[in-house]
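Undergrad: Take a look at what TrEMBL says about it:
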type	residues	note
TRANSMEM	B:17-36	transmembrane segment
TRANSMEM	B:48-76	transmembrane segment
DOMAIN	B:56-409	domain 'Citrate transporter-like'
TRANSMEM	B:96-118	transmembrane segment
TRANSMEM	B:164-181	transmembrane segment
TRANSMEM	B:188-207	transmembrane segment
TRANSMEM	B:227-249	transmembrane segment
TRANSMEM	B:270-289	transmembrane segment
TRANSMEM	B:295-315	transmembrane segment
TRANSMEM	B:327-351	transmembrane segment
TRANSMEM	B:363-389	transmembrane segment
TRANSMEM	B:401-422	transmembrane segment
TRANSMEM	B:442-464	transmembrane segment
Amino acid sequence: MKLALLILEDERPVREALRRDLVSFARHVRLEEAEDVPTALEVIEEIDAAGDRLALVMADHRLPGTSGVDFLIGLAADDRTATARKVLVTGQADQDDTIRAINEAGLDRYVAKPWQADALCELVRDQLTAFVVAAGVDPLPHLAVLDAERALAIVRERGDL
Amino acid sequence: MSTATARPRVRLPQLTLVQRLGLLLGSIAFLVPLLIQIPGLEPAGHRMLAIFLLAILFWVTEAIPLYATAVLVILLQVLMLSDQALVGGVGPLPPAATYFATLANPVIILFLGGFLIADGAHKFGLDRSLAAVMLRPFAGNARLSLLGLMMITALLSMFVSNTATTATMFAVVIPILAALPKGPARTGVALAIPIAANVGGIGTPVGSPPNAIALGALEASGQGISFIGWMLLAVPLMVVVLLFSWWFLSRRYIAVDTPMSLELSADFDRSPAALIFYLVAGATVLLWLTEPFHGISSSTVGFLPVVALLATQVMGADDIKRLQWPVLWLVAGGIALGAGIGASGLDVWLIGLVAWEALPLTLLLLLLVAVSVGLSTVISHSAAANLLVPLTLSLAIGLPIDPTAVGVMVALACALGMALPISTPPNAIAYATGEVPTSEMIVSGVVIGGFGALLLALVMPSVWDALGLL
């Protein structure tokens, strides 16, 4: 089972920049991209069918068709993706959108464009760890992309089985 | 506004092929003794053999979780071998309560105290602060630092579970690892911690579950060992194996001029709650070590911190919930299995299967230790002890050696199986850091485990004899 990270972003250069900044995660995490919401839903189906777990969604708000915030609200209501961590990566969400994302989708983080690569990696590591803790996933296979201290705290409680 | 958040789906794990096979073979093996009349085995023994075969296959294949097999063993014994048995007609049977009582066996109570003290030590940061203070004298030289790391890990592991010790020490060590050059030095440090945790776990009765399983079985046959009595038997082996491991790992992985910095800050909690904890934990350990003077059994002493820490509200309901109940129940299942094997006459039949007394004692002990180390390399140490302790204690009845020595020997041997990432949770943690290739874990595990096994089988019985410990 792999942890999956989904980037939802309609502008190709932005998608590529995100992927480039997160390249250090690619060896241990399934990195997926989608340019609009229908594609994103297909990708989620694929992740689920392969037995992997959607751990983190990084979504833009302004998209052709369904907006990023509406997509995140949909994820929160789906039992397969309810535990996935939700991050809005946008420069264009107004206050009302942001309020809806927080109150209705349980938004976990807001990243304003342009982002700092280091800070973004820290944020992803933090959110993946939060997912593993909340979803009760065994952290050991994913230790390389997690905050080791918090991941080991889960293992400590297992005892010598 | 309410949030339309879905209830996350509960996912059942996919069974592996081995697990499916385990389920199938376990069920068949369970039925065979119930359907076939085995000469020389009493009717109750048939039922116990069925349960024992099921336990072997389920524990070895992990067809269901280890702790689930443990409670299954207890339930089957109640349904087949107690006064509440569904089908009678096999003579007088013990009350069901005796099987349920294994869940609160004195050894479990001892562990309850040990777990609560270990959790408290973590809650108040005592484990990390102690590690920081004790590492200071070892700063400067990389090989010496490795010795310091291993000694502290082993010392913590004597009172804290091997897994928790490893998790704590890796949290301490990960910055040190990152500062080391990539390659052998990192491998050496990352291997040293699980090895020291596994070896340290043999040091006291509360150090790891196999010790509890052996203690419980020995107590049931009227040969209980005191806390300090166990330490006298096990600590000499622990120290020698630890020093050997250090010698081996530092020669193999740590170049003399490796730079290693051990700047850790100790931050002792001085809040009133922490001070009460230190006092209670210190008093408990002191009482454990002085049992010959006051005569209060280690289990009773183990219940003291439970009462004191809860009464003073230093620890509360959440801390009780966080205790490692699955481990306690696994141990209880092992104790129940041992009790059933003894009570059903299965032990007598098992001894009769092979003419053990025809073999030289030394060869037999070597075989015993080798099987224990081998089995615990591929399955959980606790599950291996659950299966092997009752078996070997029955076997020991016919041997010219103290059964206590045999019970302790099997428990200690079960700690030495550490050649694979799956052997123990500490190994799994070390492997997950990405610094330890499987091949290096095999080499160090085989060399150190093999050294410990030879020492245990060939030297320790004479040492115990010479010191008058048995």
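Even glycines carry a Cβ here, placed using N, Cα and C.
Caution: TrEMBL annotation is automatic and unverified by curators.
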Undergrad: Do we see three or more Cβ pairs under 8 Å linking the transmembrane segment (B:188-207) and the transmembrane segment (B:327-351), pairs being at least 6 apart in sequence?
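TA: The transmembrane segment (B:327-351) and the transmembrane segment (B:188-207): touching, no.
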Undergrad: Mark yes when the transmembrane segment (B:227-249) and the transmembrane segment (B:48-76) have three or more Cβ pairs under 8 Å (sequence separation 6 or more) and no when they do not.
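TA: They do not touch: fewer than three Cβ pairs between the two stretches lie under 8 Å.
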Undergrad: Among B:17-36, B:96-118, B:327-351, B:363-389, B:442-464, which stretch has the most Cβ pairs under 8 Å to the transmembrane segment (B:270-289)?
TA: B:96-118
Undergrad: Counting only pairs 6 or more apart in sequence, are there at least 3 Cβ pairs under 8 Å between the transmembrane segment (B:295-315) and the transmembrane segment (B:96-118)?
TA: yes
Undergrad: Residues of the same chain, at least six outside the transmembrane segment (B:442-464), with any C-beta under 8 angstroms of its C-beta?
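TA: Contacts with the transmembrane segment (B:442-464): 191, 195, 199, 233, 236-237, 240-241, 244-245, 248-249, 252, 362, 365-366, 368-370, 373, 377, 401, 405, 409, 412-413, 416-420, 423, 427, 470.
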Undergrad: Hey, does the transmembrane segment (B:96-118) touch the transmembrane segment (B:327-351), meaning at least 3 C-beta pairs closer than 8 angstroms, sequence gap 6 or more?
TA: yes
